[in-house]
Amino acid sequence: IIFAIEEINNSTDLLPGIKLGYRLYDSCVSVPVSVDVAFQLLNGEDPVFYKDGNCSQSRVVVASVGDSGSSPSIIMSRIMGSFKIPLVSSFATCACLSDKQQFPTFFRTIPSDHYQADALAKLVKHFGWTWIGAVHSDSEYGNNGMASFLGAALREGIFVEYIESFFRTDPARKIQRVANVIRRSTARVVLAFTAVGEMKLLLEELARDPPPPRQWIASEAWITDPNLMSFSFCAGAVGMAIEKSVIPGLRDFLLDLSPSKVAVSPVLTEFWEDAFNCSLTETANPDKRRCDGTEDIKTLKSPYTETSQLRVTNLMYKAFFSYFTLKVFKEIKNVNFSKNGYHVSFDANGDPVAFYELVNWQKSESGVIELVTVGYYDASLPRGQEFHINRNITWVEGGTRVPVSVCSESCPPGTHKVLQKGKPICCYDCIPCPEGEISNMTDSPDCFPCPREFWPNPNRDACFHKPVEFLSFDEVLSIILAVFSISGAFLAVITAIIFFHHRTTPIVRANNSELSFLLLFSLTLCFLCSLTFIGAPSEWSCMLRHTAFGITFVLCISCVLGKTIVVLMAFKATLPGSNTMKWFGPPQQRMTVVSFTFIQVLICIIWLVVSPPFPVKNLTTYKEKIILECALGSAVGFWAVLGYIGLLAVFCFVLAVLARKLPDNFNEAKMITFSMLIFCAVWITFIPAYVSSPGKFTVAVEIFAILASSFGLILCIFAPKCFIILFQPEKNTKKYLMNKN
């Protein structure tokens, strides 16, 4: 202050012919003392000069520079503003002081906390911290600064777990409570908008029982304080600091001290005695020697002689020049000059353009915490470009990896966020996507279903085409069924060859060999038609498989029915005077088979014309795969085909039962009875199995029913005859067949 005043007094440009007088007050960072000082100034007490000088209007106070804190500055500005006396502050940052309605005569050389709050919020957002704790001084500085930060944090999507306020005069138990909140919190980042006094008390309390590592974010009030850097658990702290600068000539001015000059000022006397551990006057303390004049301040290593890292000091220096430039230009918006290489200007509210250094507490190789500038914040730059980091930051615990401070970890793809009840929106649980749904981005609020023909992968973060399933020829089940199908057809052909070779023998001629060959032909078709059910369904295969199955089976049952009627008619014909066979000879037998088969053909034609079977993708049986199958088209047509087969089978079974006890050494009706019993049993069990079998197994059940009933017919009807033909030829005689029991 004295250096600036003397520089102004020695200047020929600012106040030519005028010398400034001054009086220095120490407010002790106390609001009551500041109020007392304000009234002393207004009462016009005589100023006291550091150096000799004359003042023609010694009782008129033209301006006040100070106080440093926001709370004292608010009180002093309200008091002195009523008398139109300007108050210039170098360290009062409360955004409330920008209100010219309340504080018309106040302006400052330090940026408003409005900008610092915005800078701190952008800093927190930059490193991805969405869940933080916050503490602040219970003062105008802390309360207003925290309010500004919370508004900026909300805009940036940052949430605060706790907000604690305290003042240095609070009871110890309150400081302990704040420290315990920090220890128990889940937020790893703590923002402290406090003055040095409050921060010192808090860190001392935390040092008693250090909390888990916390990343400290500091306001400009305490981040550059060298005494606080002794708390090693705060290493890695980052914050906004006033721009450092060098004031030319200040060091020489400070070193221009001698015992005689020091003795004039009680403040300098106290400083001198403390720095050199001596006394300028007689003292009763035997441990303190008398200053002998050999003390050389130029050899002193102390913050007093260190002028290369000036921050707030430079703001005080600029405060004097800003005020007297204002006296020349009249309006604050016209104040625009450079001093010592630093630009000085103000907006309409009396606030300078905001510029902060981003500083970091880094441990040196010797273990001492040092203040390192790692970036800056310049509010004059376009929006979005104000914040810059140009050097590596050392974080808490000395690492270079940015610590994580979130209420909940990010939800990976395949999950979605579900908010936790009663907590901010940044607190959520990660719930796996429901079946059939995916999320393909981090922190997805919802899952969305895959398209109908798609299904999620196991991680549920992407949709893939559902696998298409049908009974293909390369499956083991299909191969087994195909082998049985071809084997059955081969067996029917071999049987036909045997019968053809022995066509003149009595056992072949006994029951209409023509029907036997037709039955074997139809059985061959029955075995082979099962192959149409294997493979990918197509429009033609769907129509072919059901109609071929229906017609060949009716042809088969018609032949069996014809043979059953022949047995009955044959025994009727042996009665005296009977001419039954004349009415059911070979032509009638052929007509019976053709008629029954024609009805089934007619049913199939109607079915194909009205609503034929068609290939369809079944998306409902299984959620995770597509079943390629043949839709029936008309269910009535399908069940009409099956019903007609069942009706003929039951009719044939009844006739066979009636004929089974007719006397004969070889009564074919017995074998037909067994074959029809197997046939009916197979198809009765087929219905529930068909309805309940899922997917491709529906087709497998249908093929099994076709093969089982076909094997039942060929084995029951033809196996005994082939056995006699091949292994018991002595029974293949007319005499044996005509021999009655």
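Cβ coordinates are placed from backbone N, Cα and C, and glycine is handled just like the others.
The domain 'G-protein coupled receptors family 3 profile' feature in TrEMBL is assigned to 477-741.
The transmembrane segment annotation in TrEMBL covers 476-500 (among others).
Look at TrEMBL and you will find 515-536 (among others) tagged as transmembrane segment. Residues 470-473, 478, 481-482, 485-486, 488-489, 492-493, 495-496, 499-500, 508, 544-545, 548-549, 552-553, 555-556, 559-560, 562-563, 566, 589, 593, 615, 628, 699, 702-703, 706-707, 709-710, 713-714, 717-718 of the same chain sit 6 or more residues outside the transmembrane segment (515-536) yet have a Cβ under 8 Å from a Cβ within it.
The transmembrane segment feature in TrEMBL is assigned to 548-571 (among others).
Listed as Cβ neighbours of the transmembrane segment (592-610) (distance under 8 Å, sequence separation of 6 or more from its ends, same chain) are residues 515, 518, 543, 546-547, 550-551, 554-555, 557-559, 561-562, 565, 633-634, 637-638, 640-641, 644-645, 648. Among the features that TrEMBL reports, transmembrane segment is placed at 592-610 (among others).
Residues annotated as transmembrane segment in TrEMBL: 638-659 (among others). The list of residues near the transmembrane segment (638-659) in space but at least 6 beyond its ends in sequence, with Cβ under 8 angstroms from a Cβ of it, reads 546-547, 549-550, 553-554, 557-558, 560-561, 564-565, 567-568, 571, 596, 599-600, 603-604, 607, 613, 632, 667, 669-670, 672-673, 676-677, 679-680, 683.
Note on the transmembrane segment (671-691): residues 557, 560, 563-564, 567, 642, 645-646, 649-650, 652-653, 656-657, 659-660, 698, 701-702, 705, 708-709, 712-713, 715-717, 720 of its chain, located 6 or more positions outside it, place their CB under 8 angstroms from a CB of the stretch. Per TrEMBL, transmembrane segment is recorded for 671-691 (among others).
For 703-727 (among others), the entry in TrEMBL reads transmembrane segment.
Below 8 angstroms of C-beta separation, residues 508, 513, 516-517, 520-521, 523-524, 526-528, 530-531, 534, 700, 703-704, 707, 710-711, 714, 718, 721-722, 725-726 of the same chain, each at least six residues beyond the ends of the transmembrane segment (476-500), sit close to that stretch.
For the domain 'G-protein coupled receptors family 3 profile' (477-741), the model's average pLDDT works out to 81.
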